[in-house]
Structure formats: C-alpha cells, structure tokens
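Visitor: Can you keep this structure in mind? I'll have questions shortly.
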Amino acid sequence: MAAPPQPVTHLIFDMDGLLLDTERLYSVVFQEICNRYDKKYSWDVKSLVMGKKALEAAQIIIDVLQLPMSKEELVEESQTKLKEVFPTAALMPGAEKLIIHLRKHGIPFALATSSGSASFDMKTSRHKEFFSLFSHIVLGDDPEVQHGKPDPDIFLACAKRFSPPPAMEKCLVFEDAPNGVEAALAAGMQVVMVPDGNLSRDLTTKATLVLNSLQDFQPELFGLPSYE
C-alpha cells in the first residue's frame with residue numbers, strides 16, 4: 001500500500017501511453033511482425049518492455065517469444081513500420097487540459113521519455129506547440145541516462161535540470177508503465193499511474209495514486225491549484 005499523497009512543487013511526465021497515444025501503435029506493429037512466426041505480442045509481454053529503450057525492449061521480446069532474429073533486426077524492422085504511423089499519434093484525454101492548467105499557474109513541469117531523438121520528433125510532429133510548453137525535455141538517448149527505466153537515471157537527470165532543482169520528494173511523476181513507476185520510486189519521487197485498461201492490476205499496486213485517465217487527476221491532492 002503506497003503512502004498517502006504529499007504536497008509537491010514540480011511535475012515530470014512520461015510521454016508514450018501517458019500524454020501521447022503511441023502504445024497502441026507499438027502493439028499493432030509488433031503484432032504484425034510476430035504474426036510471421038505465429039506468436040502473440042500479448043499484454044504480458046508488452047508490460048515487460050513498456051518504458052524501456054529500443055534495443056533492450058527488442059531483446060526481451062525475442063527472448064520471451066523466441067523469435068528467430070537479432071535485436072538489431074527487430075528494431076530496424078519495427079522502426080521502419082513505426083515511422084509510418086508515429087505522426088498519427090494523438091494526445092491522450094486530459095493531457096492538454098492539465099498541461100495548460102499547470103502552465104497558467106506557473107507550476108514547473110518537464111518531460112522524461114525513453115524515446116530517442118528521431119523517434120521523439122516523429123511522434124510529436126503534430127504537437128510541437130504542446131511540447132514547447134514543457135520547461136525541458138530529457139530523452140532516452142541523453143548522455144546522462146546511462147540506464148533505462150526501472151533505473152531512476154532519467155527522472156534524476158530531469159529533476160536536476162529544473163532551475164533551481166527541487167528536492168526529489170517534491171517531484172511528482174506521471175507514468176503509465178510499471179517500469180516507469182519503479183524508476184520514479186527509486187528516484188525518491190511520488191508517482192501517479194495512469195495504466196492502460198489491459199494492464200494487470202497486480203502491476204499497479206506500488207504507485208502513490210492510480211487513475212483511469214489523466215482527466216480524473218485532482219491537482220489539489222498534491223497541494224497544487226485545483227481546476228477552476
């Protein structure tokens with residue numbers, strides 16, 4: 001059972017599946033590849049790789065499903081297919097409302113995503129204005145991010161770049177993936193989890209708060225200004 005919410009001053013957002021509806025696109029593409037080998041890219045497999053860097057995720061998929069290809073081949077083929085669909089990614093319900101609300105009230109917030117720069121540019125091509133509202137953005141290929149989630153590197157790097165940097169316990173992370181929740185907790189931060197409905201509920205127990213949608217977030221629970 002997670003501790004009750006404590007007041008925070010700074011917010012850090014994951015991107016895939018939380019702010020942008022990209023996880024669905026990953027599922028479609030990986031299932032397409034798995035079909036060739038009569039394998040199923042199930043939610044059990046997906047929950048192992050969500051939030052991980054591309055090569056690491058590919059190796060897990062290959063090991064679990066016993067696909068006869070190298071991780072490099074899987075990344076290359078999936079990236080080619082994903083390039084075609086990434087620009088169609090839509091914002092998740094409630095994302096824009098929350099970000100505009102935080103901006104209006106001068107609450108500092110940043111983005112921490114495992115996506116590398118090329119992938120980030122494709123995914124956000126339709127939403128440049130939205131992502132320009134963030135104080136800074138830390139990507140998965142950032143030199144300070146030695147280890148992907150569930151290690152805390154990306155959230156620690158992101159918190160340090162606020163000016164001035166807050167205490168870690170004053171940061172609230174928003175995540176959709178179990179690996180991301182683990183990473184936030186390892187960084188000493190609280191975490192709001194907005195899991196996909198298909199994710200096993202056993203994988204949501206560690207979060208400070210679990211929501212069905214960003215639309216359900218009540219900022220005042222964490223000492224932030226409430227919606228008007």
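Cβ atoms are placed via backbone N, Cα and C, with glycine included.
Keep in mind that what you see is a predicted model, and the values were worked out from it rather than measured.
Straight out of Swiss-Prot:
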ACT_SITE  Asp14  active site, nucleophile
ACT_SITE  Asp16  active site, proton donor
BINDING   Asp14, Asp16  Mg(2+) binding site
Visitor: Determine, from DSSP, whether the residue listed as 'active site, nucleophile' sits in helix, strand or coil.
Guide: coil
Visitor: Please determine which of the active-site residues listed here (Asp14, Asp16) has the lowest count of neighbouring CB atoms within 10 Å.
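Guide: Each of the active-site residues Asp14, Asp16 was scored by Cβ atoms within 10 Å; lowest is Asp16.
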